Each structure stands twice: as structure tokens, then as C-alpha cells.
Amino acid sequence: MAFASSLLALVALAAVTSAAPATTQATCPDGTKVNNAACCAFIPLAQDLQETIFQNDCGEDAHEVIRLTFHDAIAISQSKGPSAGGADGSMLLFPTIEPNFSANNGIDDSVNNLIPFMQKHNTISAGDIVQFTGAVALTNCPGAPQLEFLARRPNKTIPAIDGLIPEPQDSVTSILERFKDAGNFSPFEVVSLLASHSVARADKVDETIDAAPFDTTPFVFDTQIFLEVLLKGVGFPGTRTTRGEVASPLPLTSGSDTGELRLQSDFALARDERTACIWQGFVNEQALMASFKAAMRKLAVLGQHRNTLIDCSDVVPAPKPAVNKPASFPATTGPQDLELSCNTKPFPSLSVDAGAQQTLIPHCSDGDMTCQSVQFNGPA
């Protein structure tokens with residue numbers, strides 16, 4: 001569609017400020033050739049992360065670390081003074097402070113899981129560990145882009161300021177202003193970053209339910225999130241006891257297979273005149289999901305100077321290939337359930353999944369009810 005083409009053009013026009021020039025190419029101990037010898041340290045870290053935490057799965061441990069990369073980076077402010085915050089690993093360096101901010105509820109699991117890696121791979125800074133771990137986690141999610149990774153962030157000595165992380169109950173105006181203050185993010189970049197909600201689940205929005213997914217394919221980096229947030233809500237997967245949640249189109253829950261939870265902020269961004277057409281433009285446009293990479297390229301260096309960092313993107317593992325399944329209306333939903341606020345662009349023609357009843361969203365990527373997960377004890 002024409003709108004998708006224009007958005008792809010915006011992705012292509014992303015800033016191309018270079019990192020520090022690579023030094024002489026090097027061969028790492030395992031035989032991998034890299035553009036800078038400093039990148040070799042991340043190869044055993046990637047292997048350690050996959051074997052110890054992720055098991056090459058786009059599961060809960062991967063989801064939580066991807067969330068950590070965002071929460072660590074966005075806590076910086078141009079208006080309040082960027083003396084602290086940004087993508088600096090301060091979540092790991094101050095585990096008894098930042099994880100206790102209300103917006104970071106539940107992030108202690110990923111913080112505690114990464115602290116041992118900071119100790120074991122002690123030549124790598126906390127900020128590098130957070131962003132590299134997020135890049136590795138994302139490679140386990142089919143369809144995800146291979147993120148840029150720049151190394152040699154210094155360790156910070158003070159924690160970030162509280163109150164800088166957007167929350168699901170925030171208004172669209174508040175969210176857009178927060179992103180602008182953090183790093184001059186455009187509305188398109190904000191929506192692009194929310195592509196990560198395609199592989200996300202919530203434990204703390206409604207604490208009566210566990211690992212509530214935001215779409216029906218939480219283990220695949222696809223565009224279902226952008227379609228399903230546009231559908232009419234009919235109920236709640238849990239008890240609706242907290243702020244930040246609105247009715248979901250697919251709330252059916254059975255045992256550990258939790259129904260879809262809809263964030264109030266996603267609902268609002270999909271319907272606001274400033275972002276509705278951007279949101280709608282992502283539906284069934286898998287190529288546009290690559291804009292997440294461009295937006296993360298910017299987010300991952302907030303508070304840093306790109307020209308002092310080293311490009312180690314060549315040690316980020318190759319992601320799993322896309323599933324290549326077009327977006328579709330889940331069973332029991334259809335075009336009649338769309339709540340569209342963008343009237344200037346045509347909506348794509350999509351198929352409807354067969355079934356007279358709502359299909360349960362599996363708790364685990366293999367369809368099982370019990371998933372292997374890692375949880376280390378720690379200070380957070």
C-alpha cells in the first residue's frame with residue numbers, strides 16, 4: 001500500500017551518524033572474524049546467555065530482558081538535565097533503587113538474572129550487558145530484525161531519575177512528550193518501538209494473572225499486535241483491578257493459558273489522530289517491523305556519544321527467520337470488530353481464522369502449559 005511505502009521511506013532516512021571507526025580486523029579465539037578485537041568478549045557472553053537463560057526460546061525470560069533494555073534507556077531527560085540515565089546499565093548498578101520505581105514493577109527478575117553475568121564477564125560494562133542481552137534475546141523471536149550493537153558504554157555512578165518511564169495509564173500527549181524529552185523521538189519512532197509488544201506479556205498490570213500476552217502470537221515478532229489492538233474490546237483476562245488496562249477482544253483464560261491483555265496506552269495510540277494512521281500502517285506489513293531496529297538504534301545510545309562507541313553488531317547472532325504468515329483476524333473476530341480512527345488510508349483485506357470459539361493463547365512457545373524459566377536470587 002502507498003502508506004506503507006512512505007513509512008518505509010522514513011525508515012530509510014533514519015540518522016546514520018557513525019560509531020567510532022573500526023580498528024584492524026581481528027580473529028576471536030573461536031575463529032570468528034570481527035571488525036574490532038574488543039567485540040570478541042561478547043561471543044562467549046552470547047553463548048552463556050543462550051545456554052543459561054534463553055535456551056534459544058522467545059519465552060518469558062527473553063520478553064523480560066527486552067523490556068529491561070527499554071526501561072534502562074528511556075530514563076533520561078533533556079529538560080531535567082542528562083547528568084544521569086539513558087542506556088547506561090544503571091538498573092544493574094543500582095539494583096535496590098531503580099527496580100523499585102513504580103514503572104519498573106516486575107523488572108527485578110531480569111535485573112537479578114543479569115547481575116551474575118556482569119560479575120562473570122567483568123570486562124563488559126553494565127550498559128553493554130543490558131543492551132547486548134536484549135539484542136540476543138530478540139534473535140530468538142522469529143521475524144525480529146538483527147539489532148545494531150555498539151560497545152564500550154562506561155559504567156555510571158548515579159542512578160536515573162524516577163518518573164521518566166512511560167506507563168500504560170499515561171495519555172498519548174504525555175507519552176509523546178516523554179519520548180521527545182528523552183531523545184527527540186518522532187511519533188513514528190514511538191510506534192515503531194511498540195513493535196516490541198508483539199513479543200511481550202504482562203505480569204504486573206493485573207497481578208491476579210501471570211504472563212498475559214498483548215497479542216495472540218507472543219512468541220513471534222509479527223504485526224498481529226497492530227491488528228488486534230484495533231479490535232473492539234469485550235472483556236478482561238483477569239479482574240481489572242489496576243489502572244492501565246482496557247477491555248480486550250480476546251480475554252479467554254484457562255489455567256496458565258492467559259487471555260490477551262490490552263494496555264490502555266496501546267489502545268489510545270492506535271486511535272489518536274497523531275498516531276492512528278502510523279499504527280494502522282503496520283498491519284500486515286512485516287517489512288515495516290524493521291523500523292524497530294532503526295528506533296532501537298537511537299534508543300540504545302541515549303546518554304552516550306556514538307563516536308566514542310565501537311560497532312560490535314557483527315557479534316549479534318542472526319535472528320530466527322520470519323514465520324511469513326499474513327496477519328489475520330483471530331477466530332470469533334472479524335472486520336466488523338475494527339475500531340479505525342484513520343480514515344485516509346485503506347485497511348488491508350485479511351482472512352479470518354476458522355473457529356466458532358476463541359482459541360486459547362498458549363502459555364509456552366511449544367504449546368505446553370509449563371515453560372522452563374530461570375530466576376536467580378539477587379538484590380533487586
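Each Cβ is built from the backbone N, Cα and C atoms, and glycine gets one as well.
So that you can see what the record holds, here are the features copied from Swiss-Prot:
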SIGNAL    1-25  signal peptide
DISULFID  Cys28-Cys40  disulfide bond
DISULFID  Cys39-Cys312  disulfide bond
DISULFID  Cys58-Cys141  disulfide bond
BINDING   Glu60, Glu64, Asp203  Mn(2+) binding site
CARBOHYD  Asn100  N-linked glycosylation site
CARBOHYD  Asn155  N-linked glycosylation site
DISULFID  Cys277-Cys342  disulfide bond
DISULFID  Cys364-Cys371  disulfide bond
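Taking the features listed in Swiss-Prot, we show where each one sits on the structure.
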| residue | record | Cβ contacts under 8 Å, 6 or more apart |
| --- | --- | --- |
| Cys40 | disulfide bond | Ala26, Cys28, Pro29, Thr32, Val34, Val315 |
| Glu60 | Mn(2+) binding site | Arg201, Ala211, Cys371, Ser373 |
| Glu64 | Mn(2+) binding site | Gly106, Ile107, Asp109, Ser110, Asn113 |
| Asn155 | N-linked glycosylation site | Asp88, Gly89, Leu93, Ser125, Ala126, Gly127 |
| Asp203 | Mn(2+) binding site | Gly106, Asp210, Ala211, Ala212 |
| Cys312 | disulfide bond | Val34, Asn35, Asn36, Ala38, Cys39, Phe42, Phe132, Phe149, Leu150, Ala151 |
| Cys342 | disulfide bond | Ala276, Cys277, Trp279, Gln280 |
| Cys364 | disulfide bond | Gly59, Thr370, Cys371 |
For Cys28 (disulfide bond), the number of other Cβ atoms found within 10 Å of its own Cβ: 16
Coarse DSSP state, helix versus strand versus coil, of Asn100 (N-linked glycosylation site): helix
Nearest-integer angstrom distance between the alpha carbons (Cα) of Cys141 (disulfide bond) and Asn100 (N-linked glycosylation site): 29
Cβ contacts of Cys58 (disulfide bond) (under 8 Å, same chain, 6 or more positions away): Ala137, Asn140, Cys141, Pro142, Val199, Phe219, Val220, Phe221, Lys320, Ser365
Cys141 (disulfide bond), number of other Cβ atoms within 10 Å: 26
Neighbouring C-beta atoms (10 Å sphere around the C-beta of Cys371 (disulfide bond)): 17
Lowest local Cβ density (other Cβ within 10 Å) among disulfide-bonded residues: Cys39, Cys277: Cys277
Cys141 (disulfide bond) in three-state DSSP notation: coil
Neighbours of Glu60, Glu64, Asp203 excl. site residues, C-beta within 8 Å of centre, Mn(2+): Asp61, His63, Arg67, Gly106, Asp109, Ser110, Arg201, Ala211
Cβ neighbour count within 10 Å of Asn100 (N-linked glycosylation site): 14
